[in-house]
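Features of the protein shown, as given by Swiss-Prot:
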type     : residues                                 : note
BINDING  : D32, S33, Y64, G65, N97, T98, T209, H210 : substrate binding site
ACT_SITE : C96                                      : active site, proton donor/acceptor
ACT_SITE : C208                                     : active site, proton donor/acceptor
Amino acid sequence: MAIKPLDESITSREAITSKADTAPRPTALIFDSGVGGLSVYQEIRQLLPDLHYIYAFDNVAFPYGEKSGEFIVERVLEIVTAVQQRHPLAIVVIACNTASTVSLPALRERFTFPVVGVVPAIKPAVRLTRNGVVGLLATRGTVHASYTQDLIERFATDCKIELLGSSELVELAETKLHGGVVPKEALKKILHPWLAMREPPDTIVLGCTHFPLLTEELAQVLPEGTRMVDSGAAIARRTAWLISSQENVISSDEENIAYCMALNADTDALLPVLQGYGFPSLEKLPI
């Protein structure tokens, strides 16, 4: 799934400022370590355009792929708690594969609202493969997570699963969203273990929410006809079902807002991008 522009009625600056969200709406928090979660947010908003959205990203501890599970759990709990103290949340989507693999139990134990996680789309990839070789492209944290191994054992016993962990690819996705160029040679170096195989994967699981941002660039490097699968659409459907199943949900008449953990030159440059996705303002979240 490549990042596609939303309808003009949603993304244009005029729409953001002139259609000040006046109808009360349930509040959904989308959280990621960086901007990759925008790929999941986009899928959710296409299904649920009338929610009140908060996008929070941890640009202080980014990237999460090399952090310990204990650190990630404590960090995510701290950030979600800080947002919840400022906004009545109806649902939280942890739009980060690495954080999802370790933090969901702790979040669900602490909070009463639904918490949705993102897991690698191994099951649908197994259905799509033609040569029986599926590649999982993720952060090293996700590749080595016990949850990922459980998914492979449950759904991929009849396939060969090739694992490739890369934090560099996360950085390249952030570079692209900030307006930078993604060098093809850098992608070739990252993907070399697969490109050098006699029979490389014909179906790739994009196991990090940053990676759909690079679908076009990856397609130029991977063998022709390689399919790329992510879990964004499935997460959107799950979110829609959970929202529709709730009763007496507290709603908000506030504008959409984005939170970061530190304001700097990078976040100044990112603000126009966030505005294009429907977040008129970006603030530092006190934690």
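Note: Cβ is positioned from N, Cα and C throughout, glycine not excepted.
In sequence order, L38, V40, A56, F57, D58, I94, A95, C96, A99, T209 constitute the residues six or more apart from D32 (substrate binding site) in its chain with CB-CB distances below 8 Å. Within the set of binding-site residues (S33, G65), the lowest number of other Cβ atoms found within 10 Å of a Cβ is recorded at G65.
Applying an 8 A CB threshold to same-chain residues 6+ apart, the list for H210 (substrate binding site) reads G34, V35, G36, S39, L169, V170, A173, E174. Here the binding residues for substrate are D32, S33, Y64, G65, N97, T98, T209, H210. Their largest Cα to Cα distance works out to 12 Å. Summary of the substrate site environment: with the site residues D32, S33, Y64, G65, N97, T98, T209, H210 set aside, the chain residues having Cβ atoms within 8 Å of the Cβ mean position are G34, G36, G37, P63, C96, A99, T139, T142, V170, C208. DSSP assigns D32 (substrate binding site) to a strand segment in the three-state reduction. In sequence order, V118, V119, P120, A138, T139, T142, G207, C208, T209 are the residues near N97 (substrate binding site), counting only same-chain partners six or more apart with C-beta under 8 A.
Annotation for the binding-site residues T98, T209: lowest Cβ count within 10 Å of the residue's own Cβ, T98. Less than 8 angstroms from the CB of Y64 (substrate binding site) sit S33, D58, I72, C96, T98, A99, T139, G141, each of them six or more residues away in the same chain.
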